[in-house]
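Each remark here refers to the structure printed beneath this line.
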Amino acid sequence: MEAEESESFSYPMLLPSDGLYPEDDDDADMDQDKNPEENVMNEKEDEDVDAVDEKSGEEDVEMDTMEDENENDEDTEQTSEKKETEETPKENPLEKLKQKASTASFYDVVPTLAIPMATSINAFAFTSDLKWLFTGGEDGYIRKYDFFPSINGDLSLTVAQRHPFVDTVTKAGILLNYWENAYDGNKPSSVYSLAAHSRGLWVLSGVNNGDIILYSTRHQEGYPVTSLKKHTAPVSCLALHGSEKKVLSGSWDKMVYYWDLNTGDAISTYNCESGQISNIVYRPSGAVNPWGSESDDMRSLFGTPASSSSYDALFDEEVEKAIEEETKSVQANEENETEKPSQTESTTNNDNIKAPSESSSEESNIFLTTSIDGVMNVWDHRMVDSVLKYPVPKGVPPWAMSACWSPDGNNIYIGRRNGIVEEYNIHSGKEPVRSLKMPLDSGPVSNVYSMPNGRHLVISSFDNIRLYDLQSKAGIGFLIIPGHHGGLVSSLYVDTSCQFMFSASGNRGWQGTTTEVFLGYQIMTS
């Protein structure tokens, strides 16, 4: 037993980490032989992976930088757009329409609205935005209509009302209110003339006893606020100054008064001495530079001092010197007023800056008047007597109800009883430049209106309203505008955007038949 125990030998336990079996040595040697190649391959793969990671990282950085640049570009574009919108003001759509109308080669005028009235419509007036329409007639009532729903067709004419008109006339007027043309409890008087505030705050009305009544139309509608008393006969025409603080009135007493609406006093008096006043029209403000001075207005109308030897002056030398001295004194007064110190700088800046409309309205000093006997006068607020006087030409009957200026303010068109429209140029003497003849059976010309392009003239005769082309040289030079037929036209009006035209039929207290209808037309330019 001892021998067996002595002979027995025990091997120590070996862990795999401590040693390998002999047969594993060869495998280990083989593995060692293979490992260098695998290590090289692994190193290459690791290098490739690192390179790919570096490339992807670079691409990510590039993408981030590109995104940042795009964001910066967008921000700069937005800021530049904001600056452009802030620097460049938005275009006024009304100015676009005016520009389009002034350059139009043709106007297509189609009647769409009719307001029948059982009285002679002597006058009508609009607010500046065409929101409200005021009409006055022989029955002694002033009516107020809502224009936009009317022209949009919210109320249609009945079958009986549509019968006298063409097929395009389907819309009727929407009446808002009406009131009597009277003051201090007097009997209602026929409305001979109307003038409305641009925003509809008040309306002026001419009465048969010579008064001019001012009605409130926005607050206490139809309330007679005051009455201007100076005329002794019916006030046949009213013309608001551009500032809407003054008004010209003409009457059957052959007098024209210039009123201050703030005080109710007559500033100036103009005696026509020839006949009942039938029309008063201010010279267009576009005829002069709207940013110029009063002397520019005079020079554009009557020539320049530098060319006094070459042009036909309408004033003599003494009058020209007086006007120059007056304009110099006015300019000196303006300079003294601007030199006066003020309380704050902001108020001085606001006082000195004027809008184009305000500055141009302050310069509308020249106007024309026509008398029922056919005589026409051109006046200036800075002079007592008329600047120009156009007598009735030989062979022409003594009758004139309307006259108008051309858009540039250099020509005057006046309608005659014998169906002729005479054209005068204020720089070329007192004889008509040419005569536009209507058909023999057309009747007297009761109203004329010049279109914004200066090429077309709207002429209303007893039979029809015509659109006359002043540049036509052969053939018939006019087109008949459908709608009106068989009556005198008391008033014609084209809105500032040249999208609508309006006509009213009335005799204004003189002899003549009427259709007793107010018509509205839509104008399409081309």
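Backbone N, Cα and C define each Cβ position, glycine as well.
Residues annotated as region 'Disordered' in Swiss-Prot: 1-98 (among others).
Annotation comment: Swiss-Prot describes 21-30 (among others) as compositional bias 'Acidic residues'.
According to Swiss-Prot, the compositional bias 'Basic and acidic residues' annotation covers 31-43 (among others).
Under the heading compositional bias 'Acidic residues', Swiss-Prot lists 44-78 (among others).
The compositional bias 'Basic and acidic residues' annotation in Swiss-Prot covers 79-98 (among others).
Residues annotated as region 'Disordered' in Swiss-Prot: 327-364 (among others).
The compositional bias 'Polar residues' annotation in Swiss-Prot covers 341-364.
Here Swiss-Prot flags 348-389 as repeat 'WD 4'.
Averaged across the repeat 'WD 5' (395-434), pLDDT for the predicted model comes to 94. Look at Swiss-Prot and you will find 395-434 tagged as repeat 'WD 5'.
Marked as repeat 'WD 6' by Swiss-Prot: 440-478. Shown for the repeat 'WD 6' (440-478): DSSP residue counts in helix, strand and coil, namely 3 helix, 18 strand, 18 coil.
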| query | Counting by DSSP, what is the helix, strand and coil composition of the repeat 'WD 5' (395-434)? | reply | 0 helix, 15 strand, 25 coil
| message | Within the same chain, where does the repeat 'WD 5' (395-434) have neighbours whose Cβ lies under 8 angstroms from its own Cβ atoms, ignoring anything closer than 6 residues to its ends? I mean 6 or more beyond. | response | 102, 278-279, 281, 283-284, 286-288, 300-301, 303, 311-312, 314, 366, 368, 370-376, 378, 388-389, 440, 442-454, 457, 459, 461, 468, 488, 492, 508, 510
